[in-house]
Amino acid sequence: MTTTKRPIALLILDGWGYRENTHMNAIYHANTPVLDRLNAQYAHGLISGSGLDVGLPDGQMGNSEVGHINLGSGRIVYQELTRISKAIADHEFEQNPALCDAVDVAVKAGGAVHIMGLLSPGGVHSHEEHIEAMCRMAVARGATKVYLHAFLDGRDTPPRSAKGSLSHFDDLFTTLGHGRIASIIGRYFAMDRDNRWDRVSQAYDLITQGKAKFQYDNAVTALEAAYERNENDEFVSSSAITDSEGKVASLNDGDALIFMNFRADRARQITRSFINADFDGFERAVTPKVNFVTLTEYAADIKAPIAYPSENLVNTLGEVLQNRGRTQLRISETEKYAHVTFFFNGGKEEPFNGEDRILINSPKVATYDLQPEMSSTELTDKLVAAIESAQYDVIICNYPNGDMVGHTGNFDAAVKACEAVDACIGRVVDALAKVGGECIITADHGNAEQMTDETTGQAHTAHTSELVPFVFVGRDATIDEGGKLSDVAPTILHLMGETIPAEMTGKPLIHVKE
């Protein structure tokens, strides 16, 4: 006889922060009767999802990858940004074996060192300080042909803010005496994660052949021309930068290609296009044999040297539930599916025993302000059915809308996104009530609560460092103040009556009144 489950659901409202300032605050201005009622009726508070509380530098805004690793592991996880920055400060970076080997082999063969990555101070997918350290190290080890392929941000930074970074690197290469910016392209193309290979192919052709929609003799000139075409940083068309003789850079056999993004999800597709022999996402005109190095581990099936391999996290929530014979479901749309699976499980691809997964396809639109509800209705249909099936002890669900629509900078669309999510939460809470289940509602980081930059007046498309909501829809309870994302997994185990493993340093935040 099958035991009926009374599930605990964790609803992660991506990009849903709390901000006192109501100006251009899409969450405040949205009509959210369900969340208003739940906040009035149940125990609630605010927790931290940024900075030192999630293993990032002090004051650094949170992000989805970091947030889900902390949520799932039940401990503050030392993030790649902090780890690599520390290695640079300690002069360990310049001795990194994977990076040194790639440079040395290229130099010995008379080849070039190509460095690609998101040229941004955003700190979400990369940091330009890391890219600078790599350029300096390559020249210091004897490389005379150093080519930087700059992916432009405008998403975790203001929409038109790349000029300072490009100017800085022009000056850097002048100071070093070798190297140059070889190409620029928006992250929309180079860092797609939704199998839109027509975008990725443009970045691939640009890096391998110097084949581009536009050609300029200077990166800042190329950027200014993009702005004239009304392209913000994120959407800058492929632009090859020529040398003093009018030649473009190309990727050749024996060259080194070093990918300086440290976050995995938006690095995987373009990486596979370079290294997979059986790659079929698009027709590759050339397939140069290069020494490809990734800064961190992007996926278990990506076979390339890794400068900073992942630290092994044991006894994450998923693993503990498996070891205790519990069942669990992970569910989200394409855009955040990796976050409720790979990242929530501490960087492990394979599901745990008793872990089911449901992937809902995100809508195929150019930008999500065109469909702010995304696939939330279908996602909720599947989630409600899973609750009603009484198969699961724990359900982890991510609603991507607040973040994905927040990133577009479209205030009205972000309001609609929040309203769509609120309606879905109502359905989920009702379904849980019918089976005696309980629910924690929180977020991984802020975004939609700030849709304009108060200083520049530009659209605010980045994450924030605001606190995020923490609501317990269940038994009468109190919630501790001062919580953080790493307290969520221990809280779930505590509510289930399970012991918390020693590796989880977070503390239960919810205390049920007897």
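Glycine residues also receive a Cβ, built from the backbone N, Cα and C atoms like all the rest.
Here's what Swiss-Prot has on this protein:
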type     : residues                                                                       : note
BINDING  : ASP14, SER64, ASP444, HIS445                                                   : Mn(2+) 2 binding site
ACT_SITE : SER64                                                                          : active site, phosphoserine intermediate
BINDING  : HIS125, ARG155, ASP156, ARG187, ARG193, ARG263, ALA264, ASP265, ARG266, LYS336 : substrate binding site
BINDING  : ASP403, HIS407, HIS463                                                         : Mn(2+) 1 binding site
From the binding-site residues ASP14, SER64, HIS407, ASP444, pick the residue whose C-alpha lies nearest to the C-alpha of ALA264 (substrate binding site).
SER64
Rank the binding-site residues ASP14, ASP156, ASP403, ASP444 by how many other Cβ atoms lie within 10 Å of each Cβ and give me the one with the fewest.
ASP156
Within 10 angstroms of HIS445 (Mn(2+) 2 binding site), Cα basis - binding-site residues out of ASP156, ASP403, HIS463:
ASP403, HIS463
With a radius of 8 angstroms around the mean position of the C-beta atoms of ASP403, HIS407, HIS463, what other residues of the same chain does the Mn(2+) 1 site pick up?
ASP14, GLY15, ASN63, SER64, ARG155, ASP156, GLY402, MET404, GLY406, HIS445, ASN447, ALA448, THR461, ALA462
Out of ARG193, ASP403, HIS407, the binding-site residues in the record, which is closest to ASP14 (Mn(2+) 2 binding site) when you go by Cα distance?
ASP403
In this structure, which of the binding-site residues HIS125, ARG193, ARG266, HIS445, HIS463 has the fewest other Cβ atoms within 10 Å of its Cβ?
ARG193
Measure from the Cβ of SER64 (Mn(2+) 2 binding site) and count the other Cβ atoms within 10 Å, all protein chains considered.
29
May I ask which of the binding-site residues ASP156, ARG193, ARG266, HIS407, HIS463 is closest to SER64 (Mn(2+) 2 binding site) if we compare their C-alpha atoms?
HIS463
Which are the residues of the chain, ASP14, SER64, ASP444, HIS445 excluded, whose CB is within 8 A of where the CB atoms of the Mn(2+) 2 site average out, their centroid?
ILE12, GLY15, GLY49, GLY62, ASN63, GLY67, HIS68, LYS336, HIS339, ASN398, ASP403, ALA443, ASN447, HIS463
So how many other Cβ atoms are close to ALA264 (substrate binding site), meaning within 10 Å of its Cβ?
23
Cα distance (Å, whole number) from ASP444 (Mn(2+) 2 binding site) to ASP403 (Mn(2+) 1 binding site):
10
Please state whether DSSP places HIS463 (Mn(2+) 1 binding site) in a helix, a strand or coil.
coil
